[in-house]
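If you check Swiss-Prot, you get these features:
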BINDING   Thr50, Cys51, His52, Arg53, Ser102, Glu107, Thr108, Glu109, Gln113  substrate binding site
ACT_SITE  Cys51  active site, nucleophile
SITE      His92  site 'Important for activity'
BINDING   Gly181, Tyr182, Ser183, Asp184, Val185, Asn186  NADP(+) binding site
Amino acid sequence: MVLGVVGISYREAALKEREAVINILKTFEADTLLAQRFFGGDGSFVLLLTCHRAEIYYFSKSNANVQSKLLSWISSLGTRPYCYQGLACFTHLFTVTSGMDSLIFGETEIQGQVKRAYIKAKTDRELPFALHFLFQKALKEGKDFRSQVSLSYPVVTMESIVEETLDLHGKSTKDKLLFIGYSDVNRKIAKGLSAKGYRNLIFCSRKNIPIPYDTVARSQLSFGKPYDVIFFGSSESARDFPGLSLESLAGIPNRVVFDFNVPRTFTLVERPEGISYLDMDFISERVQKKLQISKQCTNKEKPFLALAARKQWEVYEKKSSNISLSQIRTSRPKLLIL
């Protein structure tokens, strides 16, 4: 039996490489036969795909070569993925969920991203006990960690990077800002800009929910209208929007476009002219320049998470052992009394 993870993050790969890895990992969701070949009939997986990481957590009863196959496939894209099994897999996901492995040290969004990845996986397919236990305990320990350990608020945030960038491009609080998608990242950016005095914030979302900002319906959306800044954060590609192209975006002079989607809304061969197109690589580079993560702080908190991971790993081993024994007993043929 193998429980493990293979993946890449912003440390190992640039945005273009992460996009390629995300695309191949998504094939497991689209091709059930491929998933069975990799993980076996009793195995399964959870994909954790965010702006800064692409990971597949897997369990297989029968295929001990899963890790080497995944490593070979991802490495063929020119990347150098990391991998962990058993206790190390527990420790890694606990560290990720707590925000200790994030680009912005201690950020809280990752907790929700891990939760949504787990919910999506268990909704889409049957998960084995191992993956249920791993993710449930990671979410629990991540929450407990934040409540027990005092972390200073990140000095650098995406909101501050966006605000600074708008200033550098000569944008003002009177400009019109269009947000495509009512996603976590768009809501966070809008909230931060609203606090700084930006008032012309307009959302366009597929969701039929109350939104505390001005809205425009998808049927009425036009990129030819004078939106000074556009934020893409809906996990959709350009082909999902009729009439959307880099040329249409460039129709408004000095327009600034933030593309928070990974994979990106546009597949770029070269940087477009006429607009300032800023993707997650731009955000990551700005954050890394400004944010110097304290290794002393990181190392100080790691034993807490490592201890929690070992504790839950030992519980998992006992529970999985009991499950195996129970399965063995129930599979034995009953003796006939003659």
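The backbone N, Cα and C atoms fix where each Cβ goes, and this holds for glycine too.
Counting neighbouring Cβ atoms within 10 Å of each of the binding-site residues (Thr50, Thr108, Gln113, Asn186), the lowest count belongs to Thr108. Taking the centre of the Cβ atoms of Gly181, Tyr182, Ser183, Asp184, Val185, Asn186 as the NADP(+) site, the nearby residues of that chain (Cβ within 8 Å, site residues left out) are Phe179, Arg187, Lys188, Gly233, Ser234, Phe260.
Excluding Thr50, Cys51, His52, Arg53, Ser102, Glu107, Thr108, Glu109, Gln113 themselves, the residues of that chain whose CB lies within 8 A of the CB mean position for the substrate site are, in sequence, Gly99, Leu103, Ile104, Ile110.
If you compare Cα positions, His92 (site 'Important for activity') sits closest to His52 out of the binding-site residues His52, Ser183, Asn186. Neighbour density for His92 (site 'Important for activity'): within 10 A of its CB lie 23 other CB atoms from the protein chains shown. Rounded to a whole value, the Cα-Cα separation of Val185 (NADP(+) binding site) and Cys51 (active site, nucleophile) is 10 Å.
In the three-state DSSP reading, Asp184 (NADP(+) binding site) counts as helix. With a cut-off of 8 Å between CB atoms and residues at least 6 apart in sequence, the same chain places Phe203, Ser205, Lys207, Ile209, Ile211 near Tyr182 (NADP(+) binding site), listed in sequence order. Comparing the binding-site residues Ser102, Ser183 by how many other C-beta atoms lie within 10 angstroms of each C-beta, the top residue is Ser102. Cβ neighbours of Cys51 (active site, nucleophile) (same chain, under 8 Å, six or more residues apart in sequence): Val185, Phe260, Val262, Met280, Ile283. Of all the Cβ atoms in the protein chains shown, 22 others lie within 10 Å of the Cβ of His52 (substrate binding site). Just so you know, of the binding-site residues Gly181, Asp184, the Cβ with the fewest other Cβ atoms around it within 10 Å is the one at Asp184. Put simply, the two farthest-apart Cα atoms among Thr50, Cys51, His52, Arg53, Ser102, Glu107, Thr108, Glu109, Gln113, the recorded binders of substrate, are 15 Å from each other. The Cα of Ser102 (substrate binding site) lies closest to that of Asp184, out of the binding-site residues Gly181, Ser183, Asp184, Asn186.
Comparing Gly181 (NADP(+) binding site) with His52 (substrate binding site), their Cα atoms are 19 Å apart once rounded.
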